[in-house]
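Chemist: Okay, these came from TrEMBL:
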type     : residues : note
DOMAIN   : 364-479  : domain 'PGG'
REPEAT   : 67-99    : repeat 'ANK'
REPEAT   : 115-147  : repeat 'ANK'
TRANSMEM : 374-395  : transmembrane segment
TRANSMEM : 416-438  : transmembrane segment
TRANSMEM : 450-472  : transmembrane segment
TRANSMEM : 484-506  : transmembrane segment
Amino acid sequence: FQEWIQVYTKQSLKETLKCLSKRGNLTPKPLQKKNTVLHIAAELGKIQRVEVILKACPSLLKHENLKGETALHVAAREGHNDVVKALVAAAKVLNEELEIEAGTVRDLLRVTNNKKNTALHEAVRNRHLEVVRCLLEEDSEFPYVGNNAGETPLGYRELVHAILEACKSPAHDGPKGRTALHGAVWHNDKDMIKDILRKKPLLVKEADEHGWTSLHWAAYFDRRLIIIQLLEYDESVAYLKDKEGMTALHVAATWGSWHSLKKIIAKCPDCIEMVDEKRRNALHVAVVKGQNSVVSDILQNPLIGSLINEEDVSGNTPLHLLAASANYNPELVTHPKVDMEAVNNAHLTALDIQISSEAKDKEESLKRVGDTHLIVAALIATVTFAAGFTVPGGYDGNEGPNQGMAILSNKTAFQAFVVSDTIAMALSTSAVFMHFIMTMPYEWEKLAKVWWFVTSAALLLMLASAAMVIAFMTGMYAVLGHSLALAIATLVIASSFFILQAASFYSSLYC
């Protein structure tokens, strides 16, 4: 490999010709990527050596390396404009020798590598403007379709002006079906939008794979100046729908783009009547998405008329949708034209939905509280049950009538431990049983009954927790009787539970 590099970089033209004439194979064997001498010379930008190689072996023009690249791809990527011109000139000489019209030149310019990139793709990707102009001058009619990633040369905003001026039929499809006009909207480039529409006016109605036109994207980004620019060019684009039946006005309402929404309504006031596939207008959508500022703007429109009570496919008016959401909009509720008695397909008014929604929320809240209580109750029952058989002080292991009996059974503190532990276990087990009853099928709409179960179980848990703490305190006192100071310290610390519980109870009642 080093030998070949020296040939291309250090030796004289005469020595290069001599080296080439000695070798029948102009693809050096050590190279794994199948680059020819022309590839290497083109990459290094050695114009004189490129000319020598082309003179000695012009067939290398079409030779591709392992990536499917010709020498023109390499030169275009590196930005060697003089090398690109030399390669194109050599292709023209072949045209004359073969007596065909521009065939070899066009074939060379249109060759794609493994990624479906032409030489123009490479030049544009690497921002080589002079190379781009050179290639376009030689073949302005080729559409230059997208590569494997869906990218066309028009996807690069810095060079789009030159391509639009030089190329007669540039392909405009990009990734996900987006056009150059989509890209210009993304970059907020009003000058580019103007140039693209002048060259390709039909792009204003072209949609991507989701059905979004450039106006949809302008509404999404809330670019009001571009909204004005596109609508002044063609107002009909405001009425185009995406695959879900949404117009640009729906998009503006969905994302809270109230600047764009105002401009669209001002230019095309009747588009506010457009509905999507769910038969929802912009007001429906804004209410569902909780865009209160957009709702306010729409309600201030004098043309709102009957739209405020328009029904979607389920018969829901905007007020129904507001009642079903967690949002609240006083302007809609108090609007003089709103019909409070309107019913949907389920024969429900907005008030019915609100009441039903509140009941459902309460039911779900009670279930969540019940689940939490069940975990706590099971934990207390497990701990107190285990404590009943691992008593403080242990059991008498000596033979005799007291064998297997608790050693501290005659102490008052131990007796208090046993009683309080039993109470805690019984109360927590009762709470578990009550929550088990709650899981059985019955009419959940009887919330009073459910509430009684939950509150009763909560009371049992509070008492069980207190009994468990008392069991802990008395058990510790029973085994620490010989160290009165340590026993008292333990009791004082454990008593903080009752202080906190009393404070919480007082706060819930009076705060």
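Each residue, glycine too, has its Cβ placed from N, Cα and C.
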Chemist: Which one, 416-438, 450-472, 484-506, has the most C-beta pairs under 8 Å toward the transmembrane segment (374-395)?
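Modeler: When the Cβ pairs under 8 Å are tallied, 416-438 comes out ahead.
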Chemist: Mean pLDDT over the repeat 'ANK' (115-147): what is the value?
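Modeler: Across the repeat 'ANK' (115-147), the average pLDDT comes out at 78.
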Chemist: Residues sitting near the transmembrane segment (416-438): Cβ under 8 Å, six or more positions beyond its termini, same chain?
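Modeler: Counting only partners 6 or more residues beyond its ends, the transmembrane segment (416-438) has Cβ contacts under 8 Å with 370, 373-374, 377-378, 380-381, 384-385, 387-388, 391-392, 450, 453-454, 456-457, 460-461, 463-465, 467-468, 470-471, 474-475, 478.
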